[in-house]
Structure formats: C-alpha cells, structure tokens
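Here the structure comes first, spelled out in structure tokens, and everything after it is commentary.
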Amino acid sequence: MGYEAFPEPLWAEIDLCALRHNFSAVRSHVGKGVRIMAVVKADAYGHGAVAVAHELLRQGADAFGVARLDEAVELRENGITQPVLIFGPTPPQKAPLLARYGIIQTVHSDTYAEALQAALLAQQPRRRVQVHIKVDTGMGRLGYIATGNGGDVPLGQVFAGFSSRTMLDVCGVFTHFAASDAADPVTARRQLAVFEQALSELPAGMRDRLCVHAANSAATMVMPGARFDMVRPGIILYGLRPSAEMDTAGFDLRPVMSLKGRIASVKRVPAGFTVSYGHTHVTAAGTVIAAVPAGYADGYSRLLSSCGTMLVHGRPAAVTGRVCMDQTMIDVGHIDGVQEGDEVVLLGRQGAESVTADDHARLTSTINYEVVSRILARVPRVYVENAE
Ligand SMILES: *Cc1c(COP(=O)(O)O)cnc(C)c1O
C-alpha cells in the first residue's frame, strides 16, 4: 500500500452501509407509526451532517434534530426540506432566519418566547415561526418546569400564554431524559410519568394537534412507552451504545466511523532513544518507531499519550510518549516490514483487531459521544460502503 491509494495523511471513514443498518434497526424497533427525528447535531456527531442527513432521508427519516441555527441552515442550504428542529436557543435577533428557512425552534421559557415574538413582529414582511415547547421533567437543563418536577405552572397555562404570541405557531411539545441509559432506568420512568401528567394538563383535544416526543437513543431502545409521536435517536444511528451499563442485546449496532491514516515516518532506533515532548518515553531496547500524522488538534486526545493503541498490518501498536498537536508516535518494533505510507487504524477495525470509541472513551475518561464528535473539521470525511 502506498500514498496513491488515498492521498490524505489522516481521514475519517464513514460507512454508509453501517449507517443504513443502524437506522433500519431503529425503524423496525419502533415500527412505521412512529416518526424518526434523526439527531444530526455537532455535524452528525462528527460524521458529517449533510451526507448523513441525505442518506437517512433515503432510508425514510422523517425529521432532523440539531443544536444550533447554523446547523439547521446548513441542512436547508444543502437541499434538506424535511422538518428540522433546533434544540437550543436561537438568538432572537436571528429569528427572521427561522422564518425564512422554515426551521422549527424550541421554546424553553416565557422570557425567550417574548423575545422571539418581539423580534418577529419587528420584521417586514411578517412571517410566523413554528415552535416546540420544551418541558423540564427532571433533566434540569432547558424547559418549563413540569408541575410533577416542582414547577408551579400547569402546562395548559404555559400553552395559554402563547395565544397572544401571534408570531409563534406551537406545533409540538417535548422533554429530554437525564438517565434513560442506566442499567435500570428508574429516573427515566419517573420523568415519563411527570411528562404524561404535564400532557394531561393540556386542554382537551390539544395534545392530538401537537407532535409529542421524548425519547433519545436509550429510551428509543428500552422505553416503548416513551415513543409518543416521534423518537429522537442520535448515538445509536452512529452505531455506538448510549452507555456501557445498558443491555443492548438484541440490538445489533455497527460503528459507522473509523479513523485512519498513513504512517509518515518509520525509523529503527537504539535503546535509550527519547520520543516526543517531555521525553516521557525512552526506548528500553532497540525498536522501530513510526510517526502517525494525527494529534490532539485532530481530536486524537492527548490523554492517549503512552496508553493508546493503533493498528498496523492488523496488529496492535502502542502509542509511545506524548500525543502532539499533529503527530503521534507508535512502537512497531514487533511488526515486520512496516513502511512509510502504510495504513494505520486509530479507530475501527483492521483484520481481526479493533479499537473502538468505547476503548478511547475509557482511556480518556469520557463517553463514546465525545470521542467521535471531537474529531475535528480538518480531518476529511470519506464516505464508503463496507457491506458485511
Ligand atoms: C442530543 C439529543 C438527543 C439525542 O441523544 P442520543 O443520546 O444521542 O440519542 C435527543 N434529544 C435532544 C434534545 C438532544 O439534545
């Protein structure tokens, strides 16, 4: 293998076959009667939002969820016409963009609702914006506090406040679980009960006109009662488990992202040879050290210094010394014939071996969500079809 095979030092391979597989696992799990809002915030957890959204549309995704206005606009500018919901607050002065692009905005408080209303009223021509109301049932983040969670305003009264906000068209209501990925999701069941009570506070008939939703990936998998009209899976679409505690048996997920590079340099070195910043690694015996063009500025965490593993020729090779901004060294002394330009796998499979996002998460004290979404923009995404 040489440079000609793929002319980038480092790239993230996104397996569309695995993405389709994970989506259809969700679809067959929830059935046809429940809409699927594919969560593609943070550039689809590092997988590339536009490509992922187009692929999932072809598979029957009904809507998309993002965190920020710019993420929603990117989808619209790239031909996605399905409903897009922004979970986080859009600055009111940018509210006209919501109207122009037909994007649904989450409203989490009366203060925010008033600011949106005022910003839209000031605009000519006047255009209304669709909103979903966020209810805090125990996440303690955004949303109107539900009565069952210590709030003192029944949901019906919250909704009544919107009758004078003529520029806001309330078409949905939702909540978010804090711990649906626990081994036993007791608190999520409590949140669900709190949400159902809040829904019961709505005037008769109103609930039927709203899109009601609650389930993230974990709840989509294990809480059928939390599906309502629509589910909002994110991490499972990318083939990763919502948490290590969860029993995911019966749910076949395939990781979508691999991180691969080409070895930049190979050198035979003597014993006592110092490697990388701080000289934290000194070779005990003669060996072969390879430099890999990936560093913490690519999202390869510096916490993997002297403890990460990469794969070369289908065999594990240990990270030696500190991860630099753009380079990382590995010891390949035990692997025959390693040459500059050879493929190295930082995340994913090579032969019988694999390095998973969960492995990186464990070594860097975080969760697999962060491992994939911290792979930064300078790493090109390459879309492939690896049928199994
Ligand atoms: C991120 C997010 C999701 C998706 O969560 P996963 O655990 O990745 O499935 C769903 N809903 C909201 C509001 C979110 O912020």
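Think of each number as a place in line: the chain as shown, counted from 1.
Backbone N, Cα and C atoms are what each Cβ position is placed from, and that goes for glycine too.
Cβ neighbour count for Lys41 (active site, proton acceptor): 19 (other Cβ atoms within 10 Å of its Cβ, all protein chains included). Among the features that TrEMBL reports, active site, proton acceptor is placed at Lys41 (among others).
Just so you know, the Cβ of Tyr277 (active site, proton acceptor) picks up 13 other Cβ atoms within 10 Å once every protein chain is counted. The active site, proton acceptor annotation in TrEMBL covers Tyr277 (among others).
Taken residue by residue with DSSP, Met325 (substrate binding site) is part of neither helix nor strand, so it is coil. Long-range Cβ neighbours of Met325 (substrate binding site) (same chain, at least 6 residues apart, Cβ-Cβ under 8 Å): Gly295, Tyr296, Ala297. TrEMBL lists Arg141, Met325 with the feature substrate binding site.
The annotation domain 'Alanine racemase C-terminal' is assigned in TrEMBL to 256-384.
Secondary structure from DSSP puts Lys41 (active site, proton acceptor) in a helix. Taken from TrEMBL, the feature N6-(pyridoxal phosphate)lysine applies to Lys41.
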Alpha-carbon distance [Lys41 (active site, proton acceptor); Arg141 (substrate binding site)] in Å: 17
